[in-house]
Amino acid sequence: MGLLSKKLLVASMVAAVLAVAAVELCSAIPMEDKDLESEEALWDLYERWQSAHRVRRHHAEKHRRFGTFKSNAHFIHSHNKRGDHPYRLHLNRFGDMDQAEFRATFVGDLRRDTPAKPPSVPGFMYAALNVSDLPPSVDWRQKGAVTGVKDQGKCGSCWAFSTVVSVEGINAIRTGSLVSLSEQELIDCDTADNDGCQGGLMDNAFEYIKNNGGLITEAAYPYRAARGTCNVARAAQNSPVVVHIDGHQDVPANSEEDLARAVANQPVSVAVEASGKAFMFYSEGVFTGDCGTELDHGVAVVGYGVAEDGKAYWTVKNSWGPSWGEQGYIRVEKDSGASGGLCGIAMEASYPVKTYNKPMPRRALGAWESQ
C-alpha cells in the first residue's frame, strides 16, 4: 500500500459507508407515472420532496415554485423512462429551482475577469509516461487520498473546494496522512486574485498556498459558506500543522491522455460546464451529456475506470454534498471524442506539486506571522 496506511483506508471506507447510509435516508424519493398524472399527485410529490430534503417554503413561495418543480419532475421522469442514456436523474435538493437560480447559486463561480496565475513549477512532470503503461483504473478514494464529500452551500466557492481536494490528495500521497484542509481560509484570505463566494480560480489558489507557506486544517479554520475576515493567525493557535506545496502545474489543455497521466499519479483540479439540467439532477451512471464547454464550475478528478458496459469514465468529486449524484460524485464519460473532453473536463486541468514529504509546523512559517 506504499506510504498510505491501512488505518487511513479503513477510516475512509467507514466514513463512506456512513455517508451512503445518511444519503439513502434523506433523498430516496421514488417517482412513478402516477405521481405526474394530476395536479393533486404532483402536489403530493412536492410535499414529499420538501419533507425528504427538509425544505420549508412559505405559502406564496411554494405556489410560485410549484410550476418549476413540475417542469423539473417531468424532465427527470421523461429522461429516466426513455432509458436511452447510461445515466439516471433524480429529484435532488435542487428540485424546485429554475436554471437561473441554480446557476446564480451553485455554478458560475469560476472567476473570468482576471487571468489565472502561471504555473510556478514549469513543464508537465508526467509527459514522459506512456499511456499504454497506465493502470486501467485508478481510484484515489480507495488509496486513502480523498476526504469525505463536502458541501459548498450557497457560496460560489467551488474553486476553493476543487483546490483543496487536490492538495489534500498530494499531501496524503507524499506523507501517508490524510488531512482535511480549510476551504474557508482560501475564501477569507486569498483575496488578491480570487473573490471568496463570488468566484475564483484553482491556479490562483495553488499559488496563494505556495506563496503564503501552506494551508491550515479544516478543524482549525472550519467552513462557514460566507466570506469573512482573514483569521488565519488566530486559527493557527489551534493547529500545529499546515500543509505545504511547491506550486502547481497545468495539464496540457484539451488532452484527455495527459489528464489520465496526471490522474494516475494524483487527484487533479478541473473545470467543467455544470449548469445544464442533466448535470444538475444527475443521480447515477456514466454521464454522457448534455453539456457544453462554457466552464463554470470547479471540481476534482480523483480517478478513472471502465463501466460494465465498456464505457470509460472519469471519477469526479463535486462539492454539493453527499446527497447529490453518486454519494457526491459523478462519473463523466472519458475519451468521448469531444474537443476538450465532455463538459470541457480536459480544458483547464491543474494540480499541486509537492516534494516536501511532511506537513509543516505552523511555527516554522514566518510568512504567516504578519497575517
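Note that Cβ sites are derived from N, Cα and C of the backbone, with glycine treated the same way.
Of the listed residues C155, C291, C343, C155 is the one Swiss-Prot pairs with C197, by disulfide bond. Of the listed residues C158, C230, C230 is the one Swiss-Prot pairs with C189, by disulfide bond.
Long-range Cβ contacts of C291 (disulfide bond) within its own chain (separation 6+, distance under 8 Å): V272, E273, A274, G276, A278, F279, L342, C343, G344. Considering only the recorded positions N130, C189, C230, no residue lies within 10 A of C158 (active site) on a C-alpha to C-alpha basis.
Each of the recorded positions N130, N318 was scored by the number of other CB atoms within 10 A of its CB, and the lowest score belongs to N130. DSSP assigns C230 (disulfide bond) to coil, not to a helix or a strand.
Among the recorded positions C155, C230, H297, the residue whose Cα lies closest in space to that of N318 (active site) is H297. When secondary structure is read from DSSP and collapsed to three states, N130 (N-linked glycosylation site) falls in the coil class.
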